[in-house]
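Take a look at the structure below.
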Amino acid sequence: MRGFNLLLFWGCCVMHSWEGHIRPTRKPNTKGNNCRDSTLCPAYATCTNTVDSYYCACKQGFLSSNGQNHFKDPGVRCKDIDECSQSPQPCGPNSSCKNLSGRYKCSCLDGFSSPTGNDWVPGKPGNFSCTDINECLTSSVCPEHSDCVNSMGSYSCSCQVGFISRNSTCEDVDECADPRACPEHATCNNTVGNYSCFCNPGFESSSGHLSFQGLKASCEDIDECTEMCPINSTCTNTPGSYFCTCHPGFAPSNGQLNFTDQGVECRDIDECRQDPSTCGPNSICTNALGSYSCGCIAGFHPNPEGSQKDGNFSCQRVLFKCKEDVIPDNKQIQQCQEGTAVKPAYVSFCAQINNIFSVLDKVCENKTTVVSLKNTTESFVPVLKQISTWTKFTKEETSSLATVFLESVESMTLASFWKPSANITPAVRTEYLDIESKVINKECSEENVTLDLVAKGDKMKIGCSTIEESESTETTGVAFVSFVGMESVLNERFFKDHQAPLTTSEIKLKMNSRVVGGIMTGEKKDGFSDPIIYTLENIQPKQKFERPICVSWSTDVKGGRWTSFGCVILEASETYTICSCNQMANLAVIMASGELTMDFSLYIISHVGIIISLVCLVLAIATFLLCRSIRNHNTYLHLHLCVCLLLAKTLFLAGIHKTDNKMGCAIIAGFLHYLFLACFFWMLVEAVILFLMVRNLKVVNYFSSRNIKMLHICAFGYGLPMLVVVISASVQPQGYGMHNRCWLNTETGFIWSFLGPVCTVIVINSLLLTWTLWILRQRLSSVNAEVSTLKDTRLLTFKAFAQLFILGCSWVLGIFQIGPVAGVMAYLFTIINSLQGAFIFLIHCLLNGQVREEYKRWITGKTKPSSQSQTSRILLSSMPSASKTG
């Protein structure tokens with residue numbers, strides 16, 4: 001068969017070749033085998049003999065031009081059939097068809113292959129069909145770290161997850177460069193083609209896996225506080241960690257505030273051992289496990305404005321006193337409180353003391369229990385019932401016992417203000433004791449309001465301004481108490497009138513009122529601007545010859561005594577006595593009977609002497625200003641001294657008792673302070689000048705303007721007193737003015753702002769005068785003959801001694817008015833001090849010859865001689881003028 005085909009193919013080729021080159025036109029042979037004539041059929045056709053005929057048929061792959069399969073027409077041609085344009089394509093899918101003459105050739109497209117191979121033509125063995133080539137079977141088709149994906153007729157390479165295509169290669173992708181690759185609190189770990197997320201220490205994955213990718217899982221904080229911290233501590237969980245903190249009241253054993261070491265312990269802090277005390281002064285600290293508590297000692301209570309919780313706990317003194325506060329510095333009372341057996345002589349005394357303290361302790365020891373004024377008052381009644389037994393005690397024991405009792409009653413009353421009971425009793429009336437109290441609410445809302453409190457016929461009148469001045473910080477209240485029978489034991493033997501030390505032995509004293517007491521909350525108890533008025537009922541009618549004395553009970557190292565300081569008599573009648581006091585205290589009235597001539601005598605001497613001094617000072621000032629013959633620096637010093645003394649004594653007479661206006665009284669006291677100090681400083685100036693004069697006797701013109709200027713002397717004489725007054729007023733402005741006189745306060749020690757400089761000047765003057773007398777003794781013998789013959793040496797010596805009194809001896813006498821010679825000292829002080837102006841006029845005017853001559857000319861009307869020797873007058877004028885330069 002194969003050979004036949006080849007033969008046929010060859011024959012066709014030969015015929016084609018022949019036909020193409022030899023194509024003679026001849027008439028077909030109709031007889032026999034017609035197909036012998038090759039020209040009968042066109043090229044690419046076959047001739048087929050039939051009976052008596054033939055027909056032509058185009059070969060395979062060709063088609064007749066007339067569309068007939070068999071034809072004889074010589075004009076018909078066989079045209080090549082384009083099989084590749086047929087549909088479907090003869091080569092099949094995924095192939096390419098190439099038309100050939102009479103046939104076609106099949107080849108597979110790229111990516112496909114046929115078992116017969118490409119360039120297949122019909123007739124070749126096998127069936128041509130194109131199937132896809134799987135390129136991915138070849139390992140080198142795609143680069144490393146990529147995946148090959150086969151497709152129909154092709155393939156593709158894609159980088160694996162975790163890689164990125166770059167320059168026909170697959171490079172690793174660093175997923176950790178993206179902050180969103182892992183969740184919060186995780187660490188990203190990049191690997192080749194992959195990455196992993198690991199939770200940070202202190203966190204764990206929500207998926208439960210150690211490593212993970214992406215945000216499908218989260219890192220959740222591990223709560224380490226379940227069992228990581230020791231006892232008495234607090235565990236604080238933080239993101240990824242934790243720390244331990246000891247509870248308040250505990251401290252870590254390693255000293256670190258926050259710790260994680262499990263070996264650390266939280267140990268209790270003993271806050272009560274700290275210095276200074278955690279609770280503050282006057283407190284009691286009690287330590288507890290992890291805490292402590294604060295309390296206050298007796299006599300103190302917690303400050304309501306602070307708290308232990310806030311760390312500002314403090315104890316402030318209660319409104320009332322407790323046992324520790326009222327015990328005076330007395331050996332007998334101390335023995336009663338030592339807890340040991342007392343001497344038989346003190347048994348009764350200690351029993352009375354302990355009875356009083358038992359009532360007071362009930363109030364002080366229980367700081368929260370309310371205090372009933374009625375109950376505590378009745379508790380003191382048994383003490384007053386036994387007051388007659390106090391007469392067997394010594395004076396010191398009686399005064400100590402009275403001090404304890406009076407202060408205990410005051411403390412109990414103040415306690416009732418601080419811890420009042422539900423049923424407040426404003427007044428308690430008993431046979432031996434009356435108390436009327438008043439809590440201040442709206443009573444003092446208006447100005448100039450006064451309150452009256454009455455007890456046993458006695459009365460206390462107090463203004464709201466005084467209550468406000470008491471500086472009460474909590475409950476404000478006042479009370480008035482009157483005791484029955486206490487005047488019999490606290491009698492006149494406990495009184496010493498320090499304001500009238502000159503009373504004679506003929507004066508008799510007696511108690512003539514009940515002992516009363518004013519009680520008020522607040523720390524300030526005395527020195528009030530507005531006085532407190534006490535009206536005390538006389539036990540016996542006052543006689544005309546009797547002088548009442550208001551006395552207050554003052555405690556001292558020996559227990560206590562009556563004193564007249566701080567109170568004055570406003571009015572006295574037969575039935576009552578009105579006292580004006582600048583203090584809240586226990587009071588009574590003592591009647592003094594007998595001759596009081598010495599007090600009156602001093603009053604007359606003082607006022608008459610001051611009036612005489614004022615007249616003399618006016619004359620001296622006029623003399624220094626008008627007498628030209630003696631006008632020099634020395635007379636200027638005398639002039640300033642006289643002016644200051646004149647103003648001081650005038651203001652003293654006119655304003656010492658102007659106490660109605662508080663501010664005006666303080667101003668008067670301030671001016672008196674300044675003027676009297678100025679007198680002393682000008683006296684000091686004169687002492688210095690006198691010293692210089694005697695020391696420089698040989699140099700007559702020793703006081704020239706170029707040595708000492710008057711301006712400097714004035715600055716000293718007026719400036720230093722002003723400095724003392726300004727400093728004193730700045731330190732204690734309330735020291736100026738008292739309730740009974742406009743002078744410096746003698747009860748607070750403020751008087752030393754005057755006495756201090758005075759004593760200093762006196763000491764300096766004494767030293768200068770002593771030195772002056774010594775120099776005078778040495779120099780008088782060397783004075784030139786001309787001066788010594790003037791017989792003025794005795795006058796100079798007299799002036800030196802007289803200057804001693806002018807420069808302060810009288811004030812020395814005033815300071816030493818104590819002891820048995822107090823009366824004599826008082827007389828000397830009053831006489832010399834009141835006549836100080838007269839002494840100045842006598843020494844510097846009447847004993848000066850030039851002045852006497854001027855007086856004579858003024859009186860007689862004669863004119864001054866034209867020529868007069870001044871040489872003999874040098875020492876008489878005490879100091880030459882600067883213009884007298886010889």
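Easy rule for this one: first residue shown is 1, then count along the chain.
Note: Cβ is positioned from N, Cα and C throughout, glycine not excepted.
Among the features that Swiss-Prot reports, topological domain 'Extracellular' is placed at 21-599 (among others).
Summarising the annotation, Swiss-Prot assigns disulfide bond to C41-C56 (among others) and lists sequence analysis as the type of evidence. Taking the Cβ of C56 (disulfide bond) as reference, residues of its chain lying under 8 Å away and at least six apart in sequence are, in sequence order, L40, C41, P42, A45, T46, C47, T48, S64, H70, F71, K72, V76.
Among the features that Swiss-Prot reports, disulfide bond is placed at C84-C97 (among others). Long-range Cβ proximity for C97 (disulfide bond), meaning a same-chain Cβ under 8 A and a gap of 6 or more residues, is found for E83, C84, Q89, P90, C91, Y104, K105, C106. C97 (disulfide bond) carries a strand DSSP state (E or B).
According to its DSSP assignment, C108 (disulfide bond) is in a strand. What Swiss-Prot lists as disulfide bond is C108-C130 (among others).
Helix, strand and coil counts under DSSP for the domain 'EGF-like 3' (132-171) come to 3 helix, 20 strand, 17 coil. The domain 'EGF-like 3' annotation in Swiss-Prot covers 132-171.
Residues within less than 8 Å, Cβ to Cβ, of C136 (disulfide bond) and separated from it by at least 6 positions along the same chain comprise C142, C148, V149, N150, Y155. Look at Swiss-Prot and you will find C136-C148 (among others) tagged as disulfide bond, backed by sequence analysis.
Less than 8 angstroms from the CB of C157 (disulfide bond) sit V141, C142, P143, S146, D147, C148, V149, each of them six or more residues away in the same chain. The disulfide bond annotation in Swiss-Prot covers C142-C157 (among others) and rests on sequence analysis.
The disulfide bond annotation in Swiss-Prot covers C176-C188 (among others). A 10 Å cutoff on Cβ-Cβ distances gives C176 (disulfide bond) a total of 16 other Cβ atoms nearby, all chains included.
Mapped onto three states, the DSSP output places C182 (disulfide bond) in coil. Taken from Swiss-Prot, the feature disulfide bond applies to C182-C197 (among others), supported by sequence analysis.
For C199-C219 (among others), the entry in Swiss-Prot reads disulfide bond, with the evidence type sequence analysis. Under the DSSP three-state reduction, C219 (disulfide bond) is assigned to strand. If you take the C-beta of C219 (disulfide bond) and look for same-chain residues 6 or more apart in sequence within under 8 angstroms, you find P183, E184, H185, A186, C199, N200, F203, E204, S205, S206.
Per Swiss-Prot, the feature disulfide bond maps to C229-C244 (among others); the stated evidence is sequence analysis. Residue density at C244 (disulfide bond): 23 other Cβ atoms are found within 10 A of its Cβ, drawing on all protein chains shown.
Shown for the domain 'EGF-like 6' (268-316): DSSP residue counts in helix, strand and coil, namely 3 helix, 18 strand, 28 coil. The annotation domain 'EGF-like 6' is assigned in Swiss-Prot to 268-316.
In sequence order, E271, C272, S277, T278, C279, Y292, S293, C294, G295 are the residues near C285 (disulfide bond), counting only same-chain partners six or more apart with C-beta under 8 A. Swiss-Prot lists C272-C285 (among others) with the feature disulfide bond.
Taken from Swiss-Prot, the feature domain 'GAIN-B' covers 431-597.
Counting only same-chain residues six or more apart in sequence, the Cβ atoms lying under 8 angstroms from the Cβ of C550 (disulfide bond) belong to Y534, S564, C567, V568, I569, T577, C579, S580, C581, L587, V589. Look at C550 (disulfide bond): DSSP puts it in a strand. Residues or ranges marked as disulfide bond in Swiss-Prot (evidence: sequence analysis): C550-C579 (among others).
Annotation comment: Swiss-Prot describes C567-C581 (among others) as disulfide bond, evidence class sequence analysis. The Cβ of C581 (disulfide bond) has 24 neighbouring Cβ atoms from other residues within 10 Å, across all protein chains displayed.
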Close approaches to the topological domain 'Extracellular' (657-666) from elsewhere in its chain (Cβ under 8 angstroms; 6 or more beyond its ends): 529-530, 733, 736-742
Set of same-chain residues at least 6 away whose C-beta sits under 8 angstroms from C229 (disulfide bond): C235, Y242, C244, Q262
Listed disulfide-bonded residues among C108, C130, C176, C188 whose Cα sits within 10 Å of C182 (disulfide bond): C176, C188
Disulfide-bonded residues: C41, C188 - member with fewest neighbouring CB atoms within 10 Å: C188
Fewest other Cβ within 10 angstroms of its own Cβ, chosen from the disulfide-bonded residues C84, C142: C84
Rounded Cα-Cα span from C176 (disulfide bond) to C108 (disulfide bond), Å: 48
Pairwise Cα distance for C188 (disulfide bond)/C197 (disulfide bond) [Å, integer]: 5
Interface present between the transmembrane segment (667-690) and the transmembrane segment (748-776) (three or more C-beta pairs under 8 A): yes
Structural state of C56 (disulfide bond), classified by DSSP into three states: strand
For the transmembrane segment (667-690), distant same-chain residues with Cβ under 8 A (at least six beyond the ends): 634, 637-638, 640-641, 644-645, 647-648, 651-652, 655-656, 658, 703, 713, 716-718, 720-722, 724-725, 728-729, 736-737, 742-744, 753-754, 757-758, 761, 764-765, 768-769, 772, 800, 803, 806-808, 878-879
